């Protein structure tokens with residue numbers, strides 16, 4: 001669990017105020033606020049904050065802060081990354097139902113192409129960071145969990161390593177990955193701020209910072225990144241109902257990122273891959289890691305119209321990975 005130092009609070013406040021819109025008291029869902037250092041700064045900036053805290057050690061102080069205010073802060077015992085688990089029956093905190101959470105916040109569902117209905121802020125835990133990002137992407141593409149309510153905007157502190165991968169360019173086989181393609185297609189990605197790891201404390205018993213070691217990419221900062229779902233994501237043949245198939249098509253494509261696209265198409269039993277590539281204006285010698293995110297979407301939409309391409313190729317993998325993400 002990382003905790004922002006007080007001197008960082010003003011910077012975060014300014015970054016989030018820039019995208020707050022015209023609402024004089026915009027609503028913000030903050031997860032894992034900890035001792036509330038950033039929460040207090042957001043409240044001072046005029047935000048109405050719903051704080052989702054899973055650690056009982058922090059709840060008492062946060063609830064005391066809530067009681068001292070006139071409805072500007074609502075504290076809920078819950079874990080943002082345990083929203084809508086697959087478990088049957090009544091949920092036990094810190095697991096939380098997004099339906100109950102949004103009802104408590106008074107946020108109604110809006111059409112996908114409408115304005116952002118809610119902004120979320122928090123520091124993504126470094127443990128299983130990649131898995132957490134994938135889970136958010138799956139929910140967004142399937143319009144499930146928080147994305148049943150529209151294009152929820154995320155303002156997240158993530159490692160510089162993961163930010164570098166999210167924004168990588170085609171051709172860089174070491175860092176241009178399936179995660180890159182899916183994230184760039186799904187989100188407008190905006191870097192708001194980079195902060196050295198030294199600006200964050202920890203409540204771990206040994207007191208050290210668990211900074212992940214990397215070789216291929218820099219990782220000297222936590223990056224405050226705004227992820228806004230694209231309004232035009234579900235145009236053409238990509239829909240929430242087949243989005244999982246698209247994701248696993250991309251993931252399978254990056255199993256061998258330097259392999260040729262024609263070889264991958266042949267493995268999917270496509271009869272005339274040359275004609276398809278010509279129609280899509282993709283070079284015959286193109287490798288999987290040289291395709292732009294938009295190319296993957298166009299390829300998937302074209303394959304949807306092919307008699308020989310069957311979504312059942314990915315059926316088992318979709319089921320296994322969906323359960324793993326939950």
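Including glycine, each Cβ sits where the backbone N, Cα and C put it.
Annotation source TrEMBL lists S-adenosyl-L-methionine binding site at 3, 53, 79. Here the Cβ of residue 3 (S-adenosyl-L-methionine binding site) has 18 other Cβ atoms within 10 Å, regardless of which shown protein chain they belong to.
Residues annotated as domain 'Ribosomal RNA adenine methylase transferase N-terminal' in TrEMBL: 12-205.
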Q.
The record lists 3, 53, 79 as binding S-adenosyl-L-methionine. What's the largest Cα to Cα distance among them, in Å, rounded to a whole number?
A. 16
Q.
So if I draw a 10 Å sphere around the Cβ of residue 79 (S-adenosyl-L-methionine binding site), how many other Cβ atoms end up inside it?
A. 17
